[in-house]
Amino acid sequence: MKIAVAGSGYVGLSLGVLLSLQNEVTIVDILPSKVDKINNGLSPIQDEYIEYYLKSKQLSIKATLDSKAAYKEAELVIIATPTNYNSRINYFDTQHVETVIKEVLSVNSHATLIIKSTIPIGFITEMRQKFQTDRIIFSPEFLRESKALYDNLYPSRIIVSCEENDSPKVKADAEKFALLLKSAAKKNNVPVLIMGASEAEAVKLFANTYLALRVAYFNELDTYAESRKLNSHMIIQGISYDDRIGMHYNNPSFGYGGYCLPKDTKQLLANYNNIPQTLIEAIVSSNNVRKSYIAKQIINVLEERESPVKVVGVYRLIMKSNSDNFRESAIKDVIDILKSKDIKIIIYEPMLNKLESEDQSVLVNDLENFKKQANIIVTNRYDNELQDVKNKVYSRDIFNRD
């Protein structure tokens, strides 16, 4: 089967690689550098499994800048373009998704479009009405950055949308896509759910908001423990050995961040509109409170250090270990709060060659020099290369994992 994938981020590329084991896949992107890398068997993103599969597996995959040619020949078109949260309108910016829909429909009269981008509840219904077609369906993704292909190979569940009154072809394509994902997975007995588009859209937003809730819960627990000088590690262990709670997603941090959780929680809150709620709003608020608390704690520790020059060293901007993504990283908001207090910030981030022009921080990518300059070293996730300056480190990473 010929499949086109719009977007080569961790969602699009991981799906493209997965499906190219048994199908002919064309990745569409607007960046020549990404297209060149994929066509040379290199991954433009950091993902161990994607890198290995591109290098070592027999894949039928190519990348192109020629979107119309790719869409014209495709039987299925997967849309995995960004839907960033627009704080001005308090809603996802879906213009990239809509642009692809319009382009595909203009050159292809038979392909079914499968949206993998995270979208607002009701978006598929809106697009079907706008473009007067039922050939647009939704399949939420449940992937972790840097482990996206692994999560596609070992999925927790597969969800594809379909409506009762859809045409036989669209129904068949929805089932076909679910089967493609299931047959490519290495995990056996993966649950497959076919449901309405709005329900599938809700699953995605509520699932990520629950994960954000867990992060916020254990962060608030940690805030209490640190404030009362209690052992946060022991409290969390004592709670998490309860099977109903579990020993996962319980490691304190500076706040939830990354590409998905911040925007998905805000979008779900916006979707509530006039529907009664308090919990969803509290999750978003809790994350902001946590980042403010962390900044205050850093300032308190800094003031205790007897030094005429106060320098905060930020070790890594990435949100998670083994990630190459700084988007919506909680530490960036903490940095902004510290800078508003006229505190000098130096940053160690080997994935950057320079900071943005308006950033008043200083990039110091010589690790030993960084360690010497900083009075306190702040890190969301601890790394063993800080072991020799452990007395300088402030982190709430209790379990040394994400």
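Using the three backbone atoms N, Cα and C, a Cβ is placed for every residue, glycine included.
Proximity of Leu18 (NAD(+) binding site) to non-local residues of its own chain (separation of 6 or more, Cβ distance below 8 Å) is seen for Leu149, Asn152, Leu153, Leu181, Ala184, given in sequence order. Feature annotation from Swiss-Prot assigns NAD(+) binding site to 2-19, Asp29, Lys34, Thr83, Thr118, Glu145, Tyr259, Lys263, Arg327.
As annotated by Swiss-Prot, substrate binding site applies to Glu141, Phe142, Leu143, Arg144, Glu145, Lys204, Asn208, Tyr249, Asn250, Asn251, Pro252, Ser253, Gly257, Lys320, with the evidence given as similarity to another entry. Of all Cβ atoms in the protein chains displayed, 20 besides its own lie within 10 Å of the Cβ of Asn250 (substrate binding site).
In the three-state DSSP classification, Cys260 (active site, nucleophile) falls within coil. Neighbour count (other Cβ atoms within 10 Å of the Cβ, all protein chains): 23 for Cys260 (active site, nucleophile). Summarising the annotation, Swiss-Prot assigns active site, nucleophile to Cys260.
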Notebook entry, point to check: Among the recorded positions listed here (Glu141, Glu145, Pro252, Gly257, Cys260), which has the Cα closest to the Cα of Ala6 (NAD(+) binding site)?
Noted result: Glu141
Next item on the list: Let me know how many other Cβ atoms fall within 10 Å of the Cβ of Ser14 (NAD(+) binding site).
Entry: 30
Checklist line | Whole-number Å value for how far Gly257 (substrate binding site) lies from Lys263 (NAD(+) binding site) (Cα to Cα) | finding: 9
Next item on the list: To the nearest whole angstrom, state the Cα distance for the pair Ser14 (NAD(+) binding site) and Pro252 (substrate binding site).
Entry: 29
Notebook entry, point to check: On a count of neighbouring CB atoms within 10 A, which of the binding-site residues Lys2, Glu141, Gly257 is highest?
Noted result: Gly257
Next item on the list: Provide, as an integer number of angstrom, the distance between the C-alpha atoms of Asn208 (substrate binding site) and Tyr10 (NAD(+) binding site).
Entry: 17
